[in-house]
Amino acid sequence: MQPDLFSKASKQSAATQPKEIPDASDPSARAAWLRSELNRHNYAYYVLDNPIVPDAEYDQLFRELQALEASHPELLVFDSPTQRVGALALTAFPPVTHSVPMLSLGNGFEDEDVLAFDKRVSEGLNSREEVEYATELKFDGLAINLRYEDGVLVQAATRGDGATGENVTANIRTVRAIPLRLHTNNPPKVLDVRGEVMMYKADLAKLNARQRDAGAKEFANPRNAAAGSLRQLDSRITAQRSLRFFSYGIGLLEGADMPASHSALLDWYAELGIPVCSERAVVRGVQGLLEFYKATSEKRPQLPYEIDGVVYKVNRVDQQLQLGFVSRAPRFAIAHKFPAEEALTTVQDIEVQVGRTGAITPVARLAPVLVGGVTVTNATLHNEDEVRRKDIQIGDTVIVRRAGDVIPEVVAFVPERRPASARPFIMPSSCPVCGSPIVRLEDEAIARCSGGWVKCAAQRKGGLLHFVSRRAMDVEGLGDQLVEQLVDKHIITTAADLYKLGFRALAELDRMADKSAQNVLDALEKSKRTTLARFIYALGIRHVGEATAKELARHFGNLDALLQASPEQLLEVADIGPVVAASITAFFTDAMNIELIEQLRAAGVTWPEHVVENRPRPLAGKTFVLTGTLPTLSRDAAAEKIEAAGGKVAGSVSKKTSYVVAGAEAGSKLAKAEELGVTILDETGLLQLLDSDEQD
């Protein structure tokens, strides 16, 4: 079990906390407080490998101290955090003195920072031409120096304070991506490879699942997991965890010529068998830098690992040497950081929301905070057990994360900032919407409102929104606000009531004009012509998603056969187990659900009869994953062709995946397929496979 380094850091630093935080009116006191605060965070981040604030808050404090020292030079002291790289090494591992210091990079946060960097570089080189830059990713992991002597890995050390790190050779030898011997017959006498040890997001999920099963502490993010794994005293534990490595720089080099450029250095590394990230480019001028930043930002959610920015380096080594270094960073490089995906805020309250199936979900109401470029005021806490496990209380200061389009989540609370007035969340005993009892089955993590859609307006609204959604009945114009009005004004109760709506009832609603009302009626009329699979999915049967609805339609051929199916017959359908079969049976034995189905049929909802084919389907048993943009087929069209031939379309790549169909700008799914050796097809290959199967 991991030691609780979080609380350890809190206890150690408690004495350094002033009773009152000085403000800018007293520059000397403010600078002293900033130095103390940054040193405290440095210790938690670099030494304990368990940061107690997000990077964005640390960066803000660091820049404030830099500005204060610039405007008041007399406040600059030799041991200021602005004059050093990191923190001291633990004594648990032998210290290692780096032959060439491992410096940090300066940070840029806005386009203007990049423009200023390019201007400084051009002036430093006295160049009127656009400078050539190497661009690469800024990984969110642990910086490492790998020393090779005569081609053999002899030592690995952490960055530490930049001058002295920790010897973690035994643990690094367990990272399979790192070669123990370079792939060359003519190795340099000494080569120091600089790079980052990290953990992929999927590997973190697997590790945390094992941690939960063992009753051990989970890791908040991939960086903490990588750092905690690499700094295990028992290397056998490290060997059980999937760590990765990418190289990005060089320290000492003896017995070989230095490559002429940074891009050539990485190409050389790749030839030596040292992992190099493919997400890099050589560009010219500031426009090339910003285009790389934009492209990387767009593909960031699909990457299999965490990054917090990109790095720009003057590509030519002779120009790097000409520009030189400042006290803590090279002049020839800068990190262009993304908007923070983690931030600190406070939990003002914890309320519960009711979903369409009655699921009761605790939601944290947060003091507004900017995360990933979006103001976040709410974050899901998933279920009661999750709240207890993370020990989130009302009044806590918490770390909130928002990555890409992912729903904001509360990662952890900050123990040292918990106020005396904090109070735990208590799950209500009755539904906040309809007052029905909240129940929770023994084998389920989710508590549910027992009122059902008849009693509970929240379940009615959720069920109706699901019914009209694009992949269900696909009724354009019926959004959240309109459905809410229709339910709250008691105009509709069930999905069948939608098809009884009149023009005047719609036109008189808030924010509805005559044209909008007619558009909704036209969309409802159009939706009556659907497919059996869409209709089954639209009913909102618990545990029945799109794929299962398609399998049910394909297997039974018509709705009446499905309505009469026994649990044993349902179990004959692909991918349906006892839990799903029981849920389907329960739905179709409920008299109110049968009445709803008959009302929908009476309203004119219809679909083509599906003929059950007895001949074997050629792609039966094959699982496909679609990624990227195909030249002519939309993803839906490609999926329909695959499913019509009996194949199954999944959302993620695994060892069970038969084919990955990749188009332009394919992301992490393609990389995962290559890693697992899954067969990769382009659109032409898919169509050829379908054609050959049809001929067979």
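Along the chain as shown, residues are numbered 1 onward.
Note that Cβ sites are derived from N, Cα and C of the backbone, with glycine treated the same way.
Going by Swiss-Prot, these are the annotated features:
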type	residues	note
REGION	1-28	region 'Disordered'
BINDING	ASP55, ALA56, GLU57, TYR58, ASP59, SER104, LEU105, GLU136, ARG159, GLU196, LYS313, LYS337	NAD(+) binding site
ACT_SITE	LYS138	active site, N6-AMP-lysine intermediate
BINDING	CYS431, CYS434, CYS449, CYS456	Zn(2+) binding site
DOMAIN	614-696	domain 'BRCT'
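Other residues of the same chain near the Zn(2+) site, with their Cβ within 8 Å of the Cβ centroid of CYS431, CYS434, CYS449, CYS456, are VAL354, GLY358, SER430, PRO432, VAL433, GLY435, SER436, SER450, GLY451, GLY452, LYS455, ALA457, ALA458, GLN459.
You'll find the Cα of LEU105 (NAD(+) binding site) roughly 53 Å from the Cα of CYS431 (Zn(2+) binding site).
Cα separation, ASP59 (NAD(+) binding site) to CYS456 (Zn(2+) binding site), rounded: 47 Å.
Fewest Cβ neighbours within 10 Å among the binding-site residues ASP55, GLU57, ASP59: that distinction goes to ASP59.
Counting residues of the domain 'BRCT' (614-696) by DSSP class, helix then strand then coil, yields 32 helix, 17 strand, 34 coil.
Residues ASP55, ALA56, GLU57, TYR58, ASP59, SER104, LEU105, GLU136, ARG159, GLU196, LYS313, LYS337, recorded as contacting NAD(+), have a largest CA-CA distance of 25 Å.
The two recorded residues CYS456 (Zn(2+) binding site) and GLU57 (NAD(+) binding site) have their Cα atoms spaced 43 Å from each other.
CYS431 (Zn(2+) binding site) has none of the binding-site residues ASP55, ARG159, LYS313 nearby, counting only those with a Cα within 10 angstroms of its own Cα. Each residue contributes its Cα atom, and for CYS434 (Zn(2+) binding site) and LYS313 (NAD(+) binding site) these two points are 60 Å apart.
Note on ARG159 (NAD(+) binding site): other Cβ atoms within 10 Å of its Cβ, all shown chains, come to 24.
If you take the Cα of CYS449 (Zn(2+) binding site) and the Cα of ARG159 (NAD(+) binding site), they are about 53 angstrom apart, rounded to a whole number.
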